[in-house]
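Below is one structure, written out as structure tokens; the observations come after it.
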Amino acid sequence: MSISPSDAEVIKRVVSTLNSDPQLIHATELAPLRQWAAALGAVFPEPAKPAPEEAGDAESEEDEERWALEAEEPENIPAIQGEPSDEATEKAMALKGEAADLAADNKYEEAVAKMGEALKLNPGNAMYWGLRSLYFLKLNRPRAALTSANRALEINPQNVRALRVRGTVNRHLGRWKEALKDLSDAQAIDYDDAINEIMRFVQERLTARHQRDLQKQTRLEEEAARRRQEELHQRQSAQASAPPTGAAPGGMPGGIPPQMASMFQDPEILTAMQDPEVAAKLSQAMSNPMMLMELSNDPKVGPILEKMMSKMMGGGGMPGMGGMPPGMGGAGMPPGMGGAQPDAGVGKNDDLD
């Protein structure tokens, strides 16, 4: 017998996939490959454990009947190549009968041992694996029960006994979704009142967990919305308190030339601008330069105005103050602040051509 090129390509793809993700060897669809490899002595990676958050949620729930997986691994029974002989099949059936008699007397350890002998002769029998899983369950060995139940369901996904065992173990491990699926599948094949009671408990726990998840999600969404609202409020407050572009402190008119910007960096001027009276008078002077003479004698405004004038001397004057009337020097104004003459800046001998 030879392998066709198409079959060889399939094998290559499967091997490539398993190299990328070795956990896939535990997939139900690959049960025949796993059994064949086990018969040759292959060692497989441990099945992936439940996600940490799911395990954490289960551990946080109160459950007086919660179990923990035992450390002891069950005896590994490898698969065999081909079908068992008639003699092996008959002997395995006899061992299975002996195991049932022992279980009837609550001798589950001996029953497990007998089923192990039967499975070594006929490891492809799903019913035998299902019985072995049940006996392990009676011994409160959930890990061993799960292992045998999984082997049974790999051979026959509709093995009711294995579905019930695995669903029951998952119930006691707090794996509510997995438990509900297995128990529901078992009930659809063969209804049982005792299993129905377990299902009712599992459904209640699953519903409670779903409600907690919804409440947690709602809290997270509300917290995110609250943070967004706070950030929006902070931005709006900052925008409302910030002066308009080009505006000076204290409500002074906007459009401040760049050369005057340094004037408003002076701490003394900035402090004075916080006084509504000073700010109002300076604002009026900005729009009516004729008030400067009067304000220079003001006890509050005069000193600030003098300091502002000294800073602006090299900057071309305050807006709207070009061409100040002659004779505005004195009266408390800074020295040299006399009004510019009409011919200022033009020498008598300049050529006007």
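Quick reminder: no glycine exception, Cβ is built from N, Cα and C everywhere.
Heads up, TrEMBL stuff is auto-annotated, nobody curated it.
Residues or ranges marked as region 'Disordered' by TrEMBL: 46-88, 210-261, 329-353. The feature compositional bias 'Acidic residues' is assigned by TrEMBL to 54-75. Annotation source TrEMBL lists compositional bias 'Basic and acidic residues' at 210-234. If you look up TrEMBL, you'll see 235-247 marked as compositional bias 'Low complexity'. Sequence annotations record features per position, and here TrEMBL assigns domain 'STI1' to 257-295. Taken from TrEMBL, the feature compositional bias 'Gly residues' applies to 329-339.
Summed and averaged per residue, pLDDT over the domain 'STI1' (257-295) gives 75. Per DSSP, the compositional bias 'Basic and acidic residues' (210-234) is made up of 25 helix, 0 strand, 0 coil.
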